[in-house]
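Novice: Have a look at this one.
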Amino acid sequence: MRTLWIMAVLLVGVEGGVIELTKMFVQEMGKNALTSYSLYGCNCGPGGRRKPMDATDSCCHVHKCCYKKLTDCDPIKDRYSYSWVNKAIVCGEDNPCLKEMCECDKAVAIRFRENLDTYDKKKKINLKLFCKKTSEQC
């Protein structure tokens, strides 16, 4: 029961189509987004944009900025479709906002893969108590 509660808390902190984003992470990197990134650094998971701790944390900052541009869909509730073709993510939505949401998630999955060498296990669970507000614009 405790494990289910912990997973529910982690799911709340991940924005976007949770199922889709998690699948993209596994396909791009072989990592689980929920267990590896949902509380990472100062920008991953719940909360506003803060000064990134490293390049991995910066990925979440950019992702939140991408979501901020969405106007006609809700990154928390809405779901989209995509396919995995020749080891590449292909967003396949007729709805322009859902397609853009898919593109945001695709971009962050690729960006995380490109920054795997900056991932610091010590920052995997950060309570964000010492994170500084950022002046970085989206």
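Including glycine, each Cβ sits where the backbone N, Cα and C put it.
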Novice: Do you know which of CYS66, CYS73, CYS131, CYS138 Swiss-Prot records in a disulfide with CYS104?
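Specialist: So the cysteine paired with CYS104 in Swiss-Prot is CYS66.
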Novice: Identify the disulfide partner of CYS91 as annotated in Swiss-Prot; candidates are CYS73, CYS102.
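Specialist: Recorded disulfide partner of CYS91 in Swiss-Prot: CYS102.
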Novice: Swiss-Prot tags one of 30-42, 108-120, 121-133 as region 'Important for membrane-damaging activities in eukaryotes and bacteria' - which one?
Specialist: 121-133
Novice: Identify, in sequence order, the residues in the chain of CYS44 (disulfide bond) that are 6 or more apart from it along the sequence and have a CB within less than 8 Å of its CB; answer 'none' if there are none.
Specialist: TYR37, SER38, ASP57, CYS59, CYS60
Novice: Please identify, among the recorded positions CYS42, CYS102, LYS121, PHE130, CYS138, the one with the smallest Cα-Cα distance to CYS66 (disulfide bond).
Specialist: CYS138
